[in-house]
Amino acid sequence: MSLVEKNTASEDAFALSEATARDYLVLLKPRVMSLVVFTGLVGLVLAPGHMNPVLAVISILCIAVGAGASGALNMWYDADIDAVMKRTRKRPIPAGIIAPNQVLAFGLTLSAFSVMTLGLMVNWLAAALLAFTIFFYAVIYTMWLKRSTPQNIVIGGAAGAFPPMIGWAAATGEITWDSLVLFMIIFLWTPPHFWALSLFTTNDYEAARIPMMPNVKGELSTRRQALFYAVLMAPVGVLPWVMGFAGMFYGVVSTLLGLAFVYYAWRLWAADSQPQMLAAARKLFRFSLLYLAGIFAVLLFEALTFKLLAAFGVF
């Protein structure tokens, strides 16, 4: 073994000895994972029919582990730009806590475990969707789109939109128009959400040479496109009620939240000064989180209520 190899091995051993369970948890991107698990749960509960509770828990755990695996693989590949950006430079790899090869092995192991477990215990359609989601996020988005096009978020947003479809497929073994609508809500929500974020973190993305929309097309174009996607998303958000797999309460809430989303996006587009624009971007970003959490929470509440009433013979 050469001196360089010995030094590398000793550095890896040091990194491993310093790493804690919390550091490995950070690799899983728990905040992102929580949203993925939540939307996956909604898809599973909203799906027609009854699923064995044990299999339902296994499905959600597999979705969570698969999401975490995607996060770990993303951090492995993006370690160079994470070291440059202020909000990511303390992640385990750039901070020197965990060696890159260990993160790669961790991510690949979790990926294989989550997909195989979901396939063997639940069904292979859900497993195939989970495998494709991991591949799409880790390879298509992280390794290709993120560094090559300002449309990275638009196309790459598909990865974050699959969880409710996976939950639905786990419960039914099918892909239906209903599950595709859930996919489209998140898919159309993603661009204005992340473009609002990028407007007040422009310097970070520029330093890392990531071609986010504000850095490539300019702030005005970004604001215009954020409004465009908000206008597209608002009516799609009401479709679960229109199509009959959500109730009137959801219809009212999704309509009001959708109109509010468009309003905040319009405020961003109409801002006529830099301070106003930055303030509007932060407000849109925060409200976008409330919007997605709100409509999926109502979907979950209605689905659980209807199934509980059905169990007692009310319906």
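Here, residue 1 is simply the first one shown, and the rest follow in order.
Using N, Cα and C of the backbone, Cβ positions are placed for all residues, glycine too.
Taken verbatim from Swiss-Prot:
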type	residues	note
TRANSMEM	32-52	transmembrane segment
TRANSMEM	53-73	transmembrane segment
TRANSMEM	93-113	transmembrane segment
TRANSMEM	120-140	transmembrane segment
TRANSMEM	153-173	transmembrane segment
TRANSMEM	180-200	transmembrane segment
TRANSMEM	226-246	transmembrane segment
TRANSMEM	249-269	transmembrane segment
TRANSMEM	295-315	transmembrane segment
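Same-chain residues lying 6 or more positions outside the transmembrane segment (295-315) and placing a CB less than 8 Å from one of its CB atoms are 38-39, 41-42, 45-46, 50, 164, 185, 237, 240, 246-247, 249-250, 253-254, 257. Non-local neighbours of the transmembrane segment (180-200) in the same chain are 39, 42-43, 46, 153-154, 157-158, 160-162, 164-165, 168, 212-215, 219, 222-223, 225-227, 229-230, 232-233, 236-237, 239-240, 243, 261, 265, 268, 277-278, 281-282, 284-285, 288-289, 291-292, 295; each lies 6+ residues outside the stretch with a CB under 8 Å from one of its CB atoms. By the count of Cβ pairs under 8 Å, the stretch nearest in packing to the transmembrane segment (93-113) among 53-73, 120-140, 226-246 is 53-73. With a cut-off of 8 Å between Cβ atoms, the residues of this chain six or more beyond the transmembrane segment (226-246) that come close are 46, 177-178, 181-182, 184-185, 188-189, 191-192, 195-196, 254-255, 257-259, 261-262, 264-266, 268-269, 284, 291, 295, 298-299, 302.
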